[in-house]
Amino acid sequence: MYHHVKKLMFTVRVDEPDPRFGNMLLEQFGGANGELAAAMQYSIQGLNCEDPDRKDLLMDIGTEELSHLEVVGTLARMHLKPSKFDRQAAEADPLIAIAGGGGVNLFNSQGNAWTADYLKITGELDVDLRSNIAAEARAKIVYERLINFTDDAGTKDALQFLMTREITHMKAFSLALESLAKPAFSIGRIAPTPGLVDQFFNDSTGTGDHGEIDTRGPWNEGGDWVFTESPAIQAGGDPSPTAAIVTESSPPADEAGLGDLLIDELRDILHAEKQLTKALPKMAQAARFDQLRELFEVHLAETEAQIERINECFQMLGQSARAKPCKGMMGLVEEGQEIMSEGEEKEDAAADLALIGAAQRVEHYEIAGYTTARNLAQQLRHSAVVSLLSKSLAEEENADQLLNQVARSLMSVAKMPAALEQTE
């Protein structure tokens, strides 16, 4: 929840109010690169984020941006104050003076209303982090330009503070993106077409009237780059194109081999899920806390539905729904049985935390299996199979997140056993 403290994050002082500059400041109040847009973008990304660590980062910075909005709004209002009573100042921007009463509102320096179109939210964490890095860079430049247009010392100090925090946030978002350890150009789940992805099209050709020329650099030569003359020139019959355009929509693949891999993976998952339908009731019975017990019971129903989906996948692929012994899951189930036995001698919170650890190892194993199977199905263009596997994968990922939430609650309980006894 939000809690407002009646104190600015940075104390604002204006020695010489300048209504025209106050109007410029509205760019960072209700503009595309302003503080409200940043606060909403990061906070909504945070609400959607299933990664608890980076969710915390997004909510922290989103909340700080609301504090920055308050600083910018206060600074703008102080500069706009003369427009309340001075006609010459009011004429500088009648929208502010007449419609807004000389105060701030949700529009930019040109009077354009704030819009949610400013927000960049994709639901893909790495893509959103890249957007946030760019947003902070744009905001930094806007503050820099504002600093250059004022001589008021107090205003410069406030803007310097805000500009510096943009760099702080850029660093945080950049390191959060780096810590995901994803390849730089691995965006989404579907791989780009080999060959085509490394072709640079020389589409702006020849020399211009102002010295424009075709240039080469690390952006179009060296490494894996293939420099390709303009497709339009090739179509027009250029006798010596440097390379043919790669139009293959997907890489050549041994589809029979991939199909066998998919069937093998599905049979492995099927056996794993069948083992879980036997293990989950025991885990529910062993759970000491109702929240964890209910979670296991819900996931049992999900697991049974997942088995039905796998059988449906086999039917779509024209294969028999025959399970293949999954030794990995056998080991995890056996380990879980040992943890339940050892838990009989532990305190309630500790026993359930150990049980959650066993359950999460199972979830991560299943997530890996479903991810591999779904990716194979995508490559083979079995869209209906992809849809079924994606639904099961989402359930496994959600179950893992729910286990995380229960674990956090139990960790608090483990630290305060006396408080728990009083509530019971």
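Using N, Cα and C of the backbone, Cβ positions are placed for all residues, glycine too.
In three-state terms derived from DSSP, H169 (Mn(2+) binding site) belongs to a helical segment. Taking Cβ-Cβ distances under 8 Å and a sequence gap of 6 or more within the same chain, the neighbours of H169 (Mn(2+) binding site) are I61, E64, N132, E136. TrEMBL lists E35, E65, H68, E136, H169 with the feature Mn(2+) binding site.
Around D60 (Ca(2+) binding site), no same-chain residue at least 6 positions away in sequence has a Cβ under 8 Å from its Cβ. Positions annotated as Ca(2+) binding site by TrEMBL: D56, D60.
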In the chain carrying H68 (Mn(2+) binding site), residues 6 or more apart in sequence that have Cβ under 8 angstroms from it: M9, E35, A38, A39, L162, R165
Length of the line joining the Cα atoms of D56 (Ca(2+) binding site) and E65 (Mn(2+) binding site), in Å: 14
Assigned conformation of E65 (Mn(2+) binding site) - DSSP reduced to three states: helix
Other CB atoms within 10 A, centred on E35 (Mn(2+) binding site): 23
